[in-house]
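J.: Take a look at the following structure, please.
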Amino acid sequence: MSWLTEYVRPKIRGLLKREVPDNLWTNCESCSQMILVKDLQKAMNVCPHCGHHMRASVAERFGWTFDEGTFTRIELPKVPVDPLSFRDRKRYTERLKDERSKSQLDESMAVAHGRIGGHDAVVAVMAFEFIAGTMGAALGEAFLAAARLAILQKAPLVVFTASGGARMQEGMVSLMQMPRTTVAVQMLRDAGLPYIVVLTNPTTGGVTASFAMLGDVQISEPNALIGFAGQRVIEDTVREKLPEGFQRAEYLLDHGMIDMVVKRPALPEMLGRLIGLMNHRHVNAPGAALGGAAPVRPAA
């Protein structure tokens, strides 16, 4: 008996443990159902049980959005690393180093150019995994670089937003990126080029108050949180209870703040159609590009 308990059973347990890797399954953030990781990846990180759209990495966004094998990421301008010599629980320079090591990204925005539905396009993707996608000087430079590249290539600019707002470690330098990115959007308009924004969960703060809400066409993924201040802050300020679903994509669609809510698997085709229409018609207004169509909801 001791031979069985001390030798055979531990060996069996060890074999069983090795057969089931820790990263084989994951749980949905919304419904808590278990999902096979490879099935979740095939579904573009959309829960097959409840349809919840989980966060996506920069690499995944580029891979899903561009036609296969057509995109190239660009090197972005360098900026001063720590203009204020800021320190909270740790030095800002140390925080950046840790975030870069953890996320394998240089900053909270990446830019690439390629083809979407056969059309040339420039795409900028915000990385929420990098200090909550906060906006600092590097993001401002990245956005300007994306706009300039779009103008150079005479191509539309598509931006995927995901942000907690301005980066407090950069103070006023961070807030200055709001007018800078707004100027970049105006540069695109002056050049007659389409600017399409895809709002993802969450898009808040200074990003919402600047380039995230200036698109010629405003698209959102289902149930994305979109707003400036948080719901509790607003309720404390106005002394009123806010409506159910306030600041969610569907509420904003009903109240005319965005043009359409599109499920993630349908996004590449929708972007290709929009770019084709807007390039062909040489228009900036979403109503003209869509023939005056009504707001679009995701298919059931």
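Just so you know, glycine gets a Cβ as well, placed from its N, Cα and C.
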J.: According to Swiss-Prot, which of these ranges is zinc finger: 28-50, 166-188, 212-234, 258-280?
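T.: Per Swiss-Prot, the stretch marked zinc finger is 28-50.
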J.: Under an 8 Å Cβ to Cβ limit, what residues of the same chain, 6 or more beyond the ends of the zinc finger (28-50), are close to it?
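T.: Tertiary neighbours of the zinc finger (28-50) are 56, 60, 64, 263-265.
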J.: What is the set of residues, excluding CYS28, CYS31, CYS47, CYS50, whose C-beta falls within 8 angstroms of the centroid of the C-beta atoms at the Zn(2+) site?
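T.: What remains near the Cβ centre is GLU29, SER30, SER32, GLN33, ILE35, PRO48, HIS49, GLY51, HIS52.
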J.: For CYS50 (Zn(2+) binding site), which DSSP three-state class applies?
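T.: For CYS50 (Zn(2+) binding site) - judged by DSSP and reduced to three states - the answer is coil.
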